[in-house]
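Undergrad: Below: one structure in structure tokens.
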């Protein structure tokens, strides 16, 4: 019934406020259903567990915030833009609940097309076509080996895998998980992400950083039981590349002049430590991975919103040009809050996420202590660098007379509240473990 309502809304719900009401009702329904029954299977190939619940709620929440954020520009009244937005939300909604692995793969790839169309059609620069092309090539060709092997080894559309299929695959194992590593994105496969973020409209950056990057972790989590032995064998290689990349990208963030690129590269850094923790298969890291996915999704979405609030008034993304925001205390307060959340300050989910990921990695090998501490330290450095450059100093630009609206205040507040509430309800995530 819920899926039929979602499909009908794709064609008949054009007013964004009606969409928001529909999404809020769906969120409440999922919360009530998920808290009452933590795992169930229905309609043969749909499956609903705590991780699915968390990802679906995050998807719906970010979609609501996307609609609120798009109200200030012409996209708000664009029916095609609203259609792509709601289509992508429904594709994600189905993807996070599918139990059939072939169907999961199809929806996993189908989610790409709405975001590529949003980047190519509503991006602000001519380079948006190149950004969409990069994203398409990396993600589609990265996941083709998985589809080919699935079809070669099993002719049934049910895709019930046999144990012998995934024993001692060696190099083929990397080809199978390449599609997930590109989506995360893992260091060395991350070049598409900064381009996509820089050229995407505000709503596109929000859903890309908030939800789409988590699809890679979700797919890895769903498929890990099929190549568990290979993951154990090659996990150290993935951990070393991920942690080394997280440290290098964190250093690179300190040299960024474009604020949107800085936020995009910080996402790559945080996803690096999350991937490293994911492949250790420990209770600490499983708990930290889920919290980091949700906390980072809300934090990065909020940072892109803040960036756009400044861009609408100063028409520049250069950190060297954006200065003196402390003269606008309300705006400066939001920058301070999201900067400390980005560096995993207390009272947020990111703190526990990085804490459990770090503990799990150190338990896996003490040699990882140094890169973990370096990554956490550098994360604090570039977050402080971003806040201090934006808020202090003499501004080179004339700030627009356009005041911060109540809609924008609510938008920022709705990013903060879930992180604090979930921080106070940590035992909700422990049910997954």
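Glycine is no exception: its Cβ is also placed from the backbone N, Cα and C atoms.
From Swiss-Prot, here are the annotated features:
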type     : residues : note
TRANSMEM : 10-30    : transmembrane segment
TRANSMEM : 80-100   : transmembrane segment
TRANSMEM : 101-121  : transmembrane segment
TRANSMEM : 132-152  : transmembrane segment
TRANSMEM : 169-189  : transmembrane segment
TRANSMEM : 203-223  : transmembrane segment
TRANSMEM : 234-254  : transmembrane segment
TRANSMEM : 261-281  : transmembrane segment
TRANSMEM : 286-306  : transmembrane segment
TRANSMEM : 331-353  : transmembrane segment
TRANSMEM : 366-386  : transmembrane segment
TRANSMEM : 410-430  : transmembrane segment
Undergrad: Considering pairs 6 or more residues apart, do the transmembrane segment (234-254) and the transmembrane segment (169-189) have at least three CB pairs under 8 Å?
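TA: The transmembrane segment (169-189) and the transmembrane segment (234-254): touching, yes.
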Undergrad: Any contact between the transmembrane segment (169-189) and the transmembrane segment (331-353)? By contact I mean 3+ C-beta pairs closer than 8 Å, pairs at least 6 apart along the chain.
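TA: Answer no: the transmembrane segment (169-189) and the transmembrane segment (331-353) share fewer than 3 Cβ pairs below 8 Å.
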Undergrad: Going through 132-152, 286-306, 331-353 one by one, which has the most CB pairs that fall under 8 Å from the transmembrane segment (410-430)?
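TA: Per the Cβ count, the answer is 286-306.
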Undergrad: Checking distant contacts: for the transmembrane segment (331-353), what same-chain residues at least six beyond its ends satisfy Cβ-Cβ under 8 A?
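TA: Distant Cβ neighbours of the transmembrane segment (331-353) are 266, 274, 287-289, 291-296, 298-300, 302-303, 306, 309-310, 325, 376, 379-380, 383-384, 386-387, 390-391, 404, 412, 415-416, 419-420, 422-423, 426.
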Undergrad: Relative to the transmembrane segment (80-100), which of 132-152, 203-223, 261-281, 286-306, 366-386 accounts for the most Cβ pairs at distances under 8 Å?
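TA: Top-ranked stretch among 132-152, 203-223, 261-281, 286-306, 366-386: 203-223.
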Undergrad: In the same chain, who gets a Cβ under 8 Å from the transmembrane segment (203-223) while lying at least 6 residues past its ends?
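TA: Non-local partners: 51, 55, 58-59, 62-63, 65-67, 69-70, 75, 81, 85, 88, 92, 95-96, 101, 104, 108, 111, 115, 118-119, 122-123, 176-177, 179-185, 193, 196-197, 260, 263-264, 267, 271, 274-275, 278-279, 289, 293, 296-298, 300-301, 304-305.
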Undergrad: So are the transmembrane segment (366-386) and the transmembrane segment (261-281) touching or not, going by 3+ C-beta pairs under 8 A with a sequence gap of 6 or more?
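TA: Yes, these stretches are in contact.
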